[in-house]
Number of protein chains: 2
Amino acid sequence: MKKPLILVTNDDSIVAPGIRFLISVMKEIGDVIVVAPDSPQSAMGHAITINNTLHIDKVNLDKDIEHEYSCSGTPVDCVKMAVHEILKRKPDLCVSGINHGSNSSINVIYSGTMSAAVEAGIEGIPAIGFSHLDYGWGTDFEPTKEYIKKITLEVLEHGLPEGVVLNVNFPKTEEEPIKGIQVCRQAKAAWVEKFDKRTNPQGKEYYWLTGEFVNLDKGEDTDEWALKNGYVSVVPVQFDLTAYHAIQTLNSWNLK
Amino acid sequence: MKKPLILVTNDDSIVAPGIRFLISVMKEIGDVIVVAPDSPQSAMGHAITINNTLHIDKVNLDKDIEHEYSCSGTPVDCVKMAVHEILKRKPDLCVSGINHGSNSSINVIYSGTMSAAVEAGIEGIPAIGFSHLDYGWGTDFEPTKEYIKKITLEVLEHGLPEGVVLNVNFPKTEEEPIKGIQVCRQAKAAWVEKFDKRTNPQGKEYYWLTGEFVNLDKGEDTDEWALKNGYVSVVPVQFDLTAYHAIQTLNSWNLK
């Protein structure tokens, strides 16, 4: 059987331990090409670079991989660049991550990792974003390996429904081993922001965005519940954002 | 009756003609506060600024508006800053735009304008993003005025379903007047990217992202159809990205 062609990207930059681990796992499954940001691009959402130039550099961080590139753009730029400029054929799969930090619940919207996966989905490529709740660069990713392989092989075998990509998050594992996998919905949650206001040496005020994550969802079918209870969460994510249930409501308004 | 408090933002920057026009319309409806980017932030998606500082400056571009601020951040940063740092109470409405250029169909995902509206929605504020297919800064926005007022007043009267914001796009109007409003779903579409490869004065290659928009959807209930046929498109947009229809499929896989 021909080996699948797997595009690997992330948002923490091409040198982050998370992507290096993901590359090592993907090498056991297929032929790997890496196109990832040359600097951290966390929280870039679905940003693309239209008012600036883009640069790519061929790098060789892994001697087994012939095609490895660092890119000056966002995670979404990396996917576009890989598919439309670097690769001769469409990859069979795109994996993004492992992100250093959670992309569960509402975080999916801010996430560069997940936006890369969504972009691949828009391009018709089966795609999975992987993230780990433990954001440290010293995180032990070894316990995630069997789950990454299992999910990836299932996606390669079955494909994904049209217009759907997967958002996979791993729980913290210092205290107990991973219990298994749960297919979930996105929990309802929000960030309650606090701005840390400071004064620069010239006397001008500036701010750092900080905030507290608040889970507003008591459901036991959510990603937040699964992660809190030691499971890997798998949320199918769509990029048709239409709120179909609201169309009838809006049609009852006086808009004509 | 107390006047509604309306937060106005955009992604083309605080001096763009689109936001100045939107401000002028909102002044007829409520008390206006403006917090908008100090430089263009198009295609920033749902990016937020976490690895850099944020600055705000009180400006006075409109003598009628007491609270007008330019912000160094993304459109989403502007909304967070307005709600959590500048405003004493939650606004009754957030409007974003008028964007210079389309945010219909898949463009909703890349759009800073719509991400600002979505962020307001996450914060529980009814929100509308307005965009005009004619991206020129010389666009005549006057024909959009009655529609902006109608949609805004309906939202203020009825509120919006929980977890839903509106994506409103205006058709080009040089050739014929606007025909009315259509409530639509997001058309299935994609950008076929082409990278314009150049060489810098030092001999190093670089790229500009260009591309062609391709509507893959023949439906007559889509935003693309409405806009092509001279209607204002109104798409209800949700930020619960769960593909509920795919959960059963995934549960049938060998993931346990």
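Glycine too: its Cβ is placed from the backbone N, Cα and C atoms.
Over in TrEMBL, the protein carries these features:
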BINDING   B:Asp11, B:Asp12, B:Ser42, B:Asn99  divalent metal cation binding site
DOMAIN    B:6-192  domain 'Survival protein SurE-like phosphatase/nucleotidase'
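Around B:Ser42 (divalent metal cation binding site), the same-chain residues six or more apart in sequence whose CB sits under 8 Å from its CB are B:Asp11, B:Asp12, B:Asn99, B:Gly101, B:Ser111, B:Gly112, listed in sequence order. DSSP assigns B:Ser42 (divalent metal cation binding site) to coil, not to a helix or a strand.
The record gives B:Asp11, B:Asp12, B:Ser42, B:Asn99 for divalent metal cation. Within 8 Å of the mean position of their Cβ atoms, the other Cβ atoms in that chain belong to B:Asn10, B:Ser13, B:Ala16, B:Gly18, B:Pro40, B:Gln41, B:Pro75, B:Gly97, B:His100, B:Gly101, B:Ser111, B:Gly112, B:Thr113. Of all the binding-site residues listed (B:Asp11, B:Asp12), B:Asp11 sits in the most crowded Cβ setting, with the most other Cβ atoms within 10 Å. Listed binding-site residues: B:Asp11, B:Asp12, B:Ser42, B:Asn99. Those with a CB under 8 Å from a CB in chain A, in sequence order: B:Ser42.
Within 10 Å of the Cβ of B:Asn99 (divalent metal cation binding site) there are 31 other Cβ atoms, across all protein chains.
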